[in-house]
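Working notes, beginning with the structure itself.
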Amino acid sequence: MMQRLLSGDYPRSRALTVLLLIIGVSLALGPFLFPGVRAFSMLGMICVFIIVVASYDLMLGYTHIVSFAHTMFFGIGAYGVAMATDAFGSGYGALLIGIGGALLLSILLSLLLGLLSLRVKAIFFALVTLAVAFAFLSLVTQLYNLTGGEDGLAMRVPRELGPAFRPFDEPWVGFDVVGFFTGLFSDPAGAFQNALFDVRVSGKHLMYYVAFVSAVLVFLFLLRMVNSPFGRVLQAIRENEFRAQALGYRTVFYRTAVVIVSALLATLAGVLFALINRYVNPENTLNFELMVFILLMCVIGGMGTLYGAVVGTAVFLLAQNYLQDLLKLLAGGAEPGSLLEHLVGPDRWLLWFGLLFVLSVYFFPTGIVGQLRLWAARRRQRRAGAGRVADQGEQHHAS
Amino acid sequence: MSAHDEILEPRPQGVLARFRAFREKRPHLFLLVLMMLVAFFMMDPRTWVVLTISGLAMGAMVFLMASGMTLTFGLMNVLNLAHGAFISLGAFAGATVLVHWLNASAGESSLLANLAAVVPALGFALAVAGLVGLLFERLVIRPVYGDHLKQILVTVGGSIILMEMIHVIWGPNEIPVPRPDALTGAFLLPESWPVIGGVALEKYRLIAVILGLAVYGMMTWVIEHTRTGILIRAGVEDQEMVEVHGYRIRLLFLGVFVAGSALAGLGGAMWAMYREIITAHMGDELMISVIVVIILGGLGSIKGCFYGAVLVGLINLYVGYLEPRLAAVATVGLMVGVLMWRPQGLIPVIKV
């Protein structure tokens, strides 16, 4: 069962398995474990960005294609449904029209991009996608009568997926994990009781679970894909394109196919984003900064492993949301007005993340997941080595 | 290849054949003439003259920024996506001199006093960007030679760090950079001239064109007539052969990288005075033009870079005048069109 589900691609590290289980459980029971609007919206973003980053990893990690147009496809999905519901009302029909149109546009654009630049050399692709994504951003910003320009569009979601929909009259019970553990220190007796909180289930929760289930399905689909013969060819192209070509694989076809698949998944993630966030503007869907964030998530988690996408997304979004609080604490300790205060100010979290990113590319090029697997493999090897010595000892006795 | 081929091939006969030969042999000139002609018939001549000069000015500034990046790629196969950060850095360094250190002399109206502020500002921008470029090459790029993927990742990371450092040093807000008096205003062409009489040409744009042409001239001279230039060209052609002959190509590359960063800084400072307002992210926006230019021209080619920059500048201004909302799309559209026609760029130097 597990073998089939994970396509035989296990985490291969005990620490990683634990980490993934924690992330998985947190996401699956998220709304009932973490109270507060901020935590809830972050959980939704993690689900959406797992799809974005995993599909990006398919290009970056598995095929070594660097694309800067991933946010463009993300934005096409988000704007597709937002514009469709804007024009045709908030029914499921409008939603389907939006999704269909967005997917079609994504296929066309990714095909164009692939044919345009993958023929020449992979590095061209990075530059061409950067330019095309910028042109798309400027087009969206300029055509304000269609897209709302800089102001963006407010998304009208179907009633069942919005906050007004209440399927249950009674509130459900949630259990605040963070509150429980901090409560254990201050008030051990009442910690359990204090950690309970009410969850008023609404369409937002329904939408969250739609996103969560989509993320799980996409993740398992991608896992299946990279462990299929198709995925092996991709990795062969990554390792040695010339050789893959000599073996008779039409590498341009494979590369273009990967670009299209990953663009479609990014579009899907954009649709989910628009439905969860219910507000779409160039800054939260198409910005170049967002593209860099996706790149960071992918690399920090570990390129070439889909588990890395999950870990990287969770770590990065946690840092984005809570590192600022930590830096605020640090900055409080520094002298006001000094250079140090500017350096550790809460707005400068990106500086530290950039530094961490560069260092991790040098010293841990395989990211968190790759490093955990490496350690696990070394431990196994050591144990196997010890076992072999013992075996040899026994053989000596026997002879 | 040129001299050799011309001897072998018979001279094309007939107008159509000559036109075809011109299109294939000199695609950069063909495109330039085509674009100027099309634009000429779509607007009145006076507007056309003003737009052409402005486009050339923009092209000249973009050329300053792009030349370093194209050479860096051509020589060492290093793709530096942090180039935009150097543009911003130069702009902020130049602005510091103009706004804070020498603002008394920049505020006066005499040309000499103004020059006493502008020249140090440009010099400082050049120096700061060059110096940071030196550090950047040593610390960030050196460990990742020969690995495009890592170069892209590391330079994107480096770009984030540089941009954030700009925020730390100069603050997060945009800074106004008033242009000194002597550089504002315009020349009026005499009314008596036919067709274009009475057209106003902005002084600063003319200066930008002249400076751009001067740098282009100097660069071509260095590359074609000096020993360093021969080594650079040889390095672009075949890096290993240069090394085999005992030249330290790393050192050569370091020089080119520093010069390229410094020029990006110079371009940034020029752009700051042109726009009169700067933000840390201006480099990212200009980076798009820079990328289009180096792809258009063919990676590694200075001449291609120059013509690419002029083309980008012109199409920006022409389309910006006809339909302002489509300027950025037209720039990228130009690139897409050229890539379909010639996948290697207009004047390819290295085989990619």
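Our numbering is plain: 1 for the first residue shown, then up by one each step along the chain.
Every residue gets a Cβ built from N, Cα and C, even glycine.
Those TrEMBL annotations? Automatic predictions, nothing curated.
The transmembrane segment annotation in TrEMBL covers A:15-34, A:39-56, A:62-82, A:94-116, A:122-146, A:206-226, A:252-276, A:288-319, A:349-372.
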- Query: Near the transmembrane segment (A:206-226), which residues from the same chain, at least 6 beyond its ends, have a CB less than 8 A from one of its CBs?
  - Reply: 5-7, 9, 27-28, 30-31, 40, 43-44, 47-48, 50-51, 54-55, 58, 62, 157, 160-162, 165, 167, 234-235, 261, 265, 268, 272, 275-276, 306, 309-310
- When counting C-beta pairs under 8 angstroms to the transmembrane segment (A:288-319), the leading stretch of A:39-56, A:122-146, A:252-276, A:349-372 is A:349-372
- Query: Under a Cβ pair cut-off of under 8 Å, which of the recorded stretches A:94-116, A:122-146, A:252-276, A:349-372 contacts the transmembrane segment (A:62-82) most often?
  - Reply: A:252-276
- Note on the structure: Checking A:15-34, A:39-56, A:252-276 against the transmembrane segment (A:349-372) for Cβ pairs under 8 Å, the most are found for A:15-34
